[in-house]
């Protein structure tokens, strides 16, 4: 029997703007599982910031985190495979951040750390406070990102935001050119920086093929630039209606936005 897979981005796709799951999506995905589909979350988030959604969907598959940087097993509470950022690259990036006066949120081991409480940090921290303590991601303010980068086991990625968007775009290109790191936009005002070569599509393909399955039988849902790699790698790439036109152009199908029952409708109409 052919095993079919549904790969799901979270923010801007499966989640509403209020960071909640639509009841219709939960129900449709449960029906898809009953019909034999494997569900997997493929996100730019740290694994500590996925708990409520993973549990609500009652998943048993690993999660692809930080734009494909690592594969995390929630039940064993362990990283299965990873390509973290080399420490020397992290230190060079931190030096560049300081030179350009850009604040970064650094994703490490089991936490997200920062020096200054920027808009992105405050926004995500406020969301975290709405969760039960056992589901709350760990945010830690540190005196030095550089010192922390040398003390942890792994640096997964950096998330950067800045009031001056053109400056942030220029900085991202500068980092790619100078350090050979991967820069992907995960939100309209946020660029994620990770080890060169990491992507959602690459990690998803590796996981699917390791199970002996085919990417032709994968349906991937996404909305942003960091989703393009998996939308193109999947047999069917589905872009949300709220996606940028450049993302929609790389998908096979475009559905409604993330405030509607479009994911559920697609599942019922095309998959089960």
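In case you wondered, yes, glycine gets a Cβ from its N, Cα and C as well.
From a predicted model like this one, the values you see are computed outputs, not experimental measurements.
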| task | Please pick, from 200, 202, 248, the residue that Swiss-Prot records in the phosphate site together with 10, 43, 44, 226. | result | 200
| Pick from 164, 189, 192, 223: which one does Swiss-Prot list with 9, 11 for the same Mg(2+) site? | 223
| note | Students should find that the Cα atoms of residue 10 (phosphate binding site) and residue 223 (Mg(2+) binding site) sit apart, in Å rounded to an integer, by 9
| note | Here the Cα-Cα span from residue 9 (active site, nucleophile) to residue 43 (phosphate binding site), rounded to a whole number of angstrom, reaches 5
| said: Measuring Cα to Cα, how many Å separate residue 44 (phosphate binding site) from residue 223 (Mg(2+) binding site)? | reply: 12
| said: Assuming the binding residues for phosphate are exactly those in the record, 10, 43, 44, 200, 226, what is the maximum CA-CA distance in angstrom, rounded? | reply: 12
| What are the non-local neighbours of residue 11 (Mg(2+) binding site), defined as same-chain residues 6+ apart in sequence with CB under 8 A from its CB? | 19, 43, 44, 45, 186, 187, 223, 224
